[in-house]
Amino acid sequence: MSFLVDSVIMFTSQVLFFGFGWLFFMRQLFKDYEIRQYVVQVVFSITFAFSCTMFELIIFEILGAMSSTSRYFHWKLNLYVILLVLIFVVPFYIGYFVVSNIRLLQRQKLLFACMVWFTFMYFFWKLGDPFPILSPKHGILSIEQLISRVGVIGVTLMALLSGFGAVNCPYTYMSYFLRNVTDSDILALERRLLQTMDMIVSKKKRIAMTRRQMYQRGEDQNKQTGFWGMIKSVTSTPPGSENLSLIQQEVDALEELSRQLFLETVDLQSTKERIEYSTTFKGKYFNFLGYFFSIYCVWKIFMATINIVFDRVGKTDPVTRGIEITVNWLGIQFDVKFWSQHISFILVGIIIVTSIRGLLITLTKFFYAISSSKSSNVIVLVLAQIMGMYFVSSVLLMRMSMPLEYRSIVTEVLGELQFNFYHRWFDVIFLVSALSSILFLYLAHKQAPEKQMSL
């Protein structure tokens with residue numbers, strides 16, 4: 001009876017997660033597009049539902065909700081379903097919709113979609129060869145073979161996003177990095193934009209008038225007959241005839257300049273709005289968060305460097321370790337095990353909520369940036385693939401943030417993976433991503449003022 005009740009709870013939560021994924025698909029991703037393939041929506045919602053269910057099971061593990069046998073069963077069921085979707089279903093439909101957009105291959109769409117899937121499986125399997133991610137005793141068809149390869153891709157994506165986010169967040173929030181923009185700067189740029197638009201209109205009028213004269217000249221030549229009419233048409237050049245190609249090149253250059261001026265005007269307007277926003281209470285709060293995250297970014301880069309140089313991986317979760325250091329330093333009586341459980345629950349909950357929210361925001365921005373009516377289905381499936389691998393890898397890395405007694409079932413479900421490798425790999429990619437982001441933002445911030453203030 002207990003197992004039945006637990007299964008009803010899990011199924012109900014999965015239905016709710018599925019509905020939220022469906023609404024997010026309709027209201028955010030596809031609100032500007034006509035939905036032609038409901039299978040894409042179903043696959044995306046299923047991936048989102050089972051990804052969130054893994055986080056739900058982590059919280060249930062810390063709270064002790066449901067029986068241990070029920071949690072273990074649903075862990076296994078959830079992992080098998082999410083791996084089935086990520087490795088078999090999503091790649092096949094990506095290949096199918098890619099082939100559907102190619103006219104020459106539409107007669108044999110199913111055959112070519114299978115070929116794309118086999119190509120994906122070949123490279124997916126070869127991905128695990130260079131990395132020490134498995135124990136030698138695992139068979140070729142074991143679940144560890146699949147999780148380990150999904151983990152490599154997902155951890156790489158997580159580290160890239162975390163490295164960029166750790167640098168971009170303080171850069172975005174802190175008012176220190178804002179350029180000093182005044183109304184006169186914006187007016188000067190808008191004035192130059194209007195002058196450029198006037199020049200474009202003037203030159204296009206010249207092109208239209210020249211073409212009209214050439215058209216009238218052609219009609220006059222058709223009316224003239226005989227030998228002298230032919231000679232006159234060859235030797236004479238009517239007034240107003242100009243080199244249209246040269247004028248058109250000038251128009252193209254001016255149109256490109258107008259686009260750049262328009263984008264720079266919008267950028268200055270948004271910067272001025274950010275300056276005004278930074279003076280409000282909420283802006284000052286985010287400015288404080290920017291300084292906090294900048295300290296966190298420096299500390300994270302420092303710790304990642306230490307972990308890489310000394311090949312170090314933490315054995316104790318950060319909450320328990322922090323409480324033990326505080327208790328020993330203050331010399332007070334404190335139930336470390338009790339409070340570490342509750343604080344770990346809060347910390348893991350915050351990590352889960354921020355991870356889901358941050359990933360959905362990133363996916364939405366990425367989708368709007370590159371999607372079109374033809375490629376939207378393929379892009380949504382690719383985002384579903386990234387989302388599923390990201391969340392599976394989050395469970396791999398979040399295991400270290402859990403107290404030791406709660407790691408056992410996660411370790412048992414995921415199998416005997418080389419967990420230390422994933423943490424070291426995350427540190428390496430995070431460090432590369434963070435340093436690259438610092439260099440990129442430094443160059444962008446340094447060049448922007450000279451380029452815009454010189455206009």
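Each residue, glycine too, has its Cβ placed from N, Cα and C.
What TrEMBL records for 142-207 is domain 'Golgi pH regulator conserved'. Looking just at the domain 'Golgi pH regulator conserved' (142-207), the mean pLDDT is 81.
According to TrEMBL, the feature domain 'Abscisic acid G-protein coupled receptor-like' maps to 277-446.
According to TrEMBL, the transmembrane segment annotation covers 6-26 (among others). Within the chain, the transmembrane segment (6-26) has long-range Cβ neighbours (under 8 A, six or more residues past its boundaries) at 35, 41, 44-50, 52-53, 56, 66-67, 70-71, 74, 360, 380.
Feature annotation from TrEMBL assigns transmembrane segment to 38-59 (among others).
The feature transmembrane segment is assigned by TrEMBL to 79-98 (among others).
Per TrEMBL, the feature transmembrane segment maps to 110-127 (among others).
Residues 79, 83, 86-87, 124-125, 127-128, 131, 133-134, 290, 293, 296-297, 300-301, 358-359, 362, 386, 388-394, 396-397, 414-415, 417-418, 422, 425-438, 441 of the same chain lie 6+ residues outside the transmembrane segment (147-169) yet bring a C-beta within less than 8 angstroms of a C-beta in it. The annotation transmembrane segment is assigned in TrEMBL to 147-169 (among others).
Remote same-chain partners of the transmembrane segment (288-310), defined as residues 6 or more beyond its termini with a Cβ less than 8 Å from a stretch Cβ, comprise 166-167, 169-176, 423-424, 427-428, 430-431, 434-435. Per TrEMBL, the feature transmembrane segment maps to 288-310 (among others).
Annotated transmembrane segment per TrEMBL: 343-368 (among others), in sequence order.
The annotation transmembrane segment is assigned in TrEMBL to 380-402 (among others).
Summarising the annotation, TrEMBL assigns transmembrane segment to 422-444 (among others).
Long-range neighbours of the transmembrane segment (110-127) within the same chain, counting only residues 6 or more positions beyond its ends whose Cβ lies under 8 Å from a Cβ of the stretch, are 87-88, 91-96, 98-99, 149, 152-153. Residue counts for the domain 'Golgi pH regulator conserved' (142-207) under DSSP, helix first, then strand, then coil, are 59 helix, 0 strand, 7 coil.
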